[in-house]
Amino acid sequence: MTRILTACKVVKTLKSGFGLANVTSKRQWDFSRPGIRLLSVKAQTAHIVLEDGTKMKGYSFGHPSSVAGEVVFNTGLGGYSEALTDPAYKGQILTMANPIIGNGGAPDTTARDELGLNKYMESDGIKVAGLLVLNYSHDYNHWLATKSLGQWLQEEKVPAIYGVDTRMLTKIIRDKGTMLGKIEFEGQSVDFVDPNKQNLIAEVSTKDVKVFGKGNPTKVVAVDCGIKNNVIRLLVKRGAEVHLVPWNHDFTQMDYDGLLIAGGPGNPALAQPLIQNVKKILESDRKEPLFGISTGNIITGLAAGAKSYKMSMANRGQNQPVLNITNRQAFITAQNHGYALDNTLPAGWKPLFVNVNDQTNEGIMHESKPFFAVQFHPEVSPGPTDTEYLFDSFFSLIKKGKGTTITSVLPKPALVASRVEVSKVLILGSGGLSIGQAGEFDYSGSQAVKAMKEENVKTVLMNPNIASVQTNEVGLKQADAVYFLPITPQFVTEVIKAERPDGLILGMGGQTALNCGVELFKRGVLKEYGVKVLGTSVESIMATEDRQLFSDKLNEINEKIAPSFAVESMEDALKAADTIGYPVMIRSAYALGGLGSGICPNKETLMDLGTKAFAMTNQILVERSVTGWKEIEYEVVRDADDNCVTVCNMENVDAMGVHTGDSVVVAPAQTLSNAEFQMLRRTSINVVRHLGIVGECNIQFALHPTSMEYCIIEVNARLSRSSALASKATGYPLAFIAAKIALGIPLPEIKNVVSGKTSACFEPSLDYMVTKIPRWDLDRFHGTSSRIGSSMKSVGEVMAIGRTFEESFQKALRMCHPSVDGFTPRLPMNKEWPANLDLRKELSEPSSTRIYAIAKALENNMSLDEIVKLTSIDKWFLYKMRDILNMDKTLKGLNSESVTEETLRQAKEIGFSDKQISKCLGLTEAQTRELRLKKNIHPWVKQIDTLAAEYPSVTNYLYVTYNGQEHDIKFDEHGIMVLGCGPYHIGSSVEFDWCAVSSIRTLRQLGKKTVVVNCNPETVSTDFDECDKLYFEELSLERILDIYHQEACNGCIISVGGQIPNNLAVPLYKNGVKIMGTSPLQIDRAEDRSIFSAVLDELKVAQAPWKAVNTLNEALEFANSVGYPCLLRPSYVLSGSAMNVVFSEDEMKRFLEEATRVSQEHPVVLTKFIEGAREVEMDAVGKEGRVISHAISEHVEDAGVHSGDATLMLPTQTISQGAIEKVKDATRKIAKAFAISGPFNVQFLVKGNDVLVIECNLRASRSFPFVSKTLGVDFIDVATKVMIGESVDEKHLPTLEQPIIPSDYVAIKAPMFSWPRLRDADPILRCEMASTGEVACFGEGIHTAFLKAMLSTGFKIPQKGILIGIQQSFRPRFLGVAEQLHNEGFKLFATEATSDWLNANNVPATPVAWPSQEGQNPSLSSIRKLIRDGSIDLVINLPNNNTKFVHDNYVIRRTAVDSGIALLTNFQVTKLFAEAVQKARTVDSKSLFHYRQYSAGKAA
């Protein structure tokens, strides 16, 4: 809501509606806008007053006249123009639950259709007595709009106010029943009026008989009880000549083929003349069909002898589920009625439909005559068109003759399913996290396991992602067996042989699981072992994944897709592009996250992108580019009974051309009309039905911004990133529901777990909105452009919840990175815009920083039309963004003395943080907080209940907003707060979600109440049933303090969520928060690298020579004294941000500048880099300075590779016992010195028996899940008990004195990289972390474990040739490796000098040309050609800084990645690979539990 920023529109509406001189109750507005003079405008206030005494203040945007009526609410997400003109609202003051109204303005209210009916309205004008909304869009945008909503309301003299907590109002009506109310302006007192005592039907009915569709063959008499225009349209469309008669017209003697009664408002029992006329028809011999709609249902029932009653709160909205009693099929319906028939029907009549939620009557039918009626609105407008088929049924009755009933003409359900009988189900996970396939599948897989357990189905989970919650082996919500194995057809087949499941779920493991399942189907494995694919069939999956099949399927139902050709060669791709015309879009089959896709403006780009795409797949789609169109997504659920619901629709703020995973996304869609919304919804359901999807799927549309033209982009027949977002945005647990559906359970029988009362067969209503913003880490990848497009690049995302776009948008921006204050022109991480910035180019070429470029353009007074032209972003979003910057300017003109409570409150309502405000007012954040609280401005806690408060909810799913007037919940539990990890990014991924979930579960097992704060929709920790209270909120000092104090928490755990919460330790502590575990003062000493190094010196714990430096001269002086290379490290960072090995003075200058930018408040530490050392990790739990649990793992790679990118071995393989004892001794000293109570991690360098400390983190590390699962001891469980002061049984813990060292198996943790997505990035490892995920596997020895782990990362073991590229210094060490590879039968290729050296040492090698020298020597083959034709299927490239072929080596590495072949760039990993290939002839399918069982058997 932008109250302070909307004065221009207020002026317009005030001038057009009434004179300013009449305003009595006034509110001062401050307003400034570029190009517009400063205005001082007074906005009129009014109150909504209820008969129970409730009084709420609001601000007028309609006609300034008091009015009385019955206050009702509508939870619909769209179609306010249609709703306002619905005659059923006559005499009622309508409360819209949708928090933002007026986005699309008002259409042409004078336009008429071919029947002479108002084209965009459901009657001849607005019928509501008044309108109440939370937030009104003064600035509107839609291609059909001709004026603002406020202007239209004033023209029709209808009062409307905004600024009302509509959720609070809805709850009052819900709990107390519909009640009388009034909108009162000062000086215009009115009495309460009960419209139900009036015959409202008479007021809205036509006064004359009117005929529509004259000359049509079927005569239908339509009795107007407040009939909607769309009823008439639908009748005429089907060939009716409609005779519209007044409500009291005697139609009993009229000649007709069918009789329809439709409407309307008020108490139907008051329409006695109509009831008597219908009674005559029912009791006569006339058997022409009768169809009653809404009031027509009650009128028909009353005429038949049934009774009606006034409902306590009415059914008004667009998501009411009804069940056809005759065939058990469910439909989503639009409803608007306050009266209903009771369930005792007279003889000869029976119910036809029933409400799934409240079991009220929704329709009746005669048992022998063609009479039927429904309580809902099959003509909708606004709302879903699911039951429009009833008009067809009505006409079928007319055509069939007079002696039949409605059941004979209703369409038969497409499917009648039965429960799928399975006893054991195999669930395929997605493997390690990668760009495009991240933590959302941990969430969805965990939900699927939970659903199976609820239904007493045994589950076998196959997933090598050691860091995921779903791969826990112990717990009530865990699978019965877990296999840490590669998700490949070979290994899945072995698991099927061993476990003999009778069911298989493919939809919870992303593209990995889907592709694997398709291959198993094609190979006949599933048929051979009698495994049923649950949910969507493989044939349907193939129809969505194969681009040609998909196109053919859509053509079968005449659905719109972009003109396209599926091709299998570059030659055909070029021909297709010529036929379609450039620009074209290419898409790969069976690909994830837009991999292998891109926009090709010309032939050269198509050649480049197409060649890379064909390296990954055998088929691509070449299609017309719809860049610049709107991108809209729907999440659709369909059960085996053909019941369909659309759970969520989402709108990409970024237009087509940017992958949805890289787009800013809002839910629900904000700029669609009801016609657009329902058109795409209807299409979604039609497509999903035709494709045979059973479960959940995502469908993406391109919608033309100024017409109704659309095309379908793709369908994902599985849970996806968007599914996880939709689940968290709505509270509807999509994965859980999809898993139940896969067992054949129909939707109406599944409970809505959020409300605890309603069915899962419904479409959620939102009285808030969410904004998703991606998190990129492109700066980490050298050579990668910040430009984004159709291939996804983001590594994570956040979701923010608010009740205005501005609020959720600014929250989301801050959630993405702690350095961001909100929507500002400043770049994240304190970066500066380049001096030669081309702002127009920044806007026209989407990038990871374009949102800040938009802010900069607005700051520079660029016009909105120009920004729209450059970005194709809908102007409505830009209006809102401009409003934020206008508030920023307003605040900058004030100070702590002059800023008013009103202005401060308005800033908070549009998402300004205290920190943001403090920078405008010249205060500190603490001073701003103090000022705000002094003015009694505080946030409100609201629930996400899936129903917009329509039903009471048991949900604990919460968010915080300044747009409200009451809390939804009580604060009487005083739980322990646990801070989650925030957005996934490089260095902080699913492993920290595992830590948080483990801690939460331990607390709950101990009987402690938990309060969780996190903002990542991909996580299990943000699953509302994991904790007692879930706040989907910012991990900022301000918001944590808000929640902590409001909840009166008993303490806060910050050490299980990674670096973001850890960085809050000291600020929270200084603000009085009780930090559980290690003291924040000790955390501060450890995080500050300078202080930590000094402490180690005091403890006489060995470390490499170091120095804290503040200037370049200090750094150069130190480096010259100890010699290069040196390691440069900033403080308080995660995953090696700005950490670099420095080899020269030039590098020192460059890297030091970067390090000081990311860590401005703390000194940078320089350390002598120790070459040739092995890195060792110590993961441990301390208790009051004593180590009570520990695990030591070893890196395969030598030091210099970030620990997050390293391959870990547990137990250690090459470290001497003497060195291990030194590691333990140093750990003891550190634990004692820092009085550690909780989790911590220490990293060591080991060279021979020398042991040096690298760093210590007084929090959980990313290797905690790995060591916990490997050793069978949950380190976080232990740490949590320590932190809250619970006793810990140390007898079975791996203490320093009695370690647990596996003897029968070895665990290998391997990193997952996403190099193919990061176009032009150099795929080589450095100090700064680059991996996006991890996997772990187990084997009897290191070699089998290593090969399993490598295969789990997608590594393909070569079958033909290996290209070797090594620098001269590597040769002596590499010769043995080369001999091993040659002996294993691989053909070796090498550049000329290396080839000569290998041949001279009796290792045959074929010489090849460097890429830059291709063609110079005809006898030397091209590396790129050999790779692309498959002669080379592994590249070993071991460069150093001394080579003169730096660029050539980069080209070779990049070619390997772009061609989808294996690449090794580390000598130690290459050496282990060669050994593994030689020694591990076969790789078994055993997993951790097999080895544990063997160990237990030996022990017994």
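Including glycine, each Cβ sits where the backbone N, Cα and C put it.
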In Swiss-Prot, the member of S148, S418, S663, S998 to which phosphoserine is assigned: S148
Listed residues S434, S468, S896, S1159, with the one flagged phosphoserine by Swiss-Prot: S896
S189, S312, S819, S918 - residue that Swiss-Prot labels as phosphoserine: S189
S294, S537, S564, S684 - the residue Swiss-Prot records as phosphoserine: S537
Rounded inter-Cα distance in Å - K919 (N6-glutaryllysine), N1437 (N-acetyl-L-glutamate binding site): 50
Proximal residue to S540 (phosphoserine) among binding-site residues T1391, T1394, W1410, N1437 (C-alpha distance): N1437
Modified residues listed as K527, K811, K869, K889, K1471, least Cβ neighbours within 10 Å: K527
Distance, W1410 (N-acetyl-L-glutamate binding site) to S1036 (phosphoserine) (CA atoms, angstrom): 51
CB within-chain contacts under 8 A for T1394 (N-acetyl-L-glutamate binding site), separation at least 6: I1364, G1365, I1366, R1371, A1405
N1437 (N-acetyl-L-glutamate binding site) and K207 (N6-succinyllysine), Cα-Cα, nearest whole angstrom: 87
W1410, N1437, N1449 filtered to the binding-site residues whose C-alpha is within 10 Å of K889 (N6-acetyllysine): none
From recorded positions T1391, W1410, N1437, N1449, K1471, the one whose Cα lies nearest K869 (N6-glutaryllysine): N1449
Three-class DSSP secondary structure - N1437 (N-acetyl-L-glutamate binding site): strand
By Cα-Cα distance, the member of modified residues K287, K527, K612 nearest T1391 (N-acetyl-L-glutamate binding site): K612
Whole-number Å value for how far K612 (N6-acetyllysine) lies from K811 (N6-acetyllysine) (Cα to Cα): 38
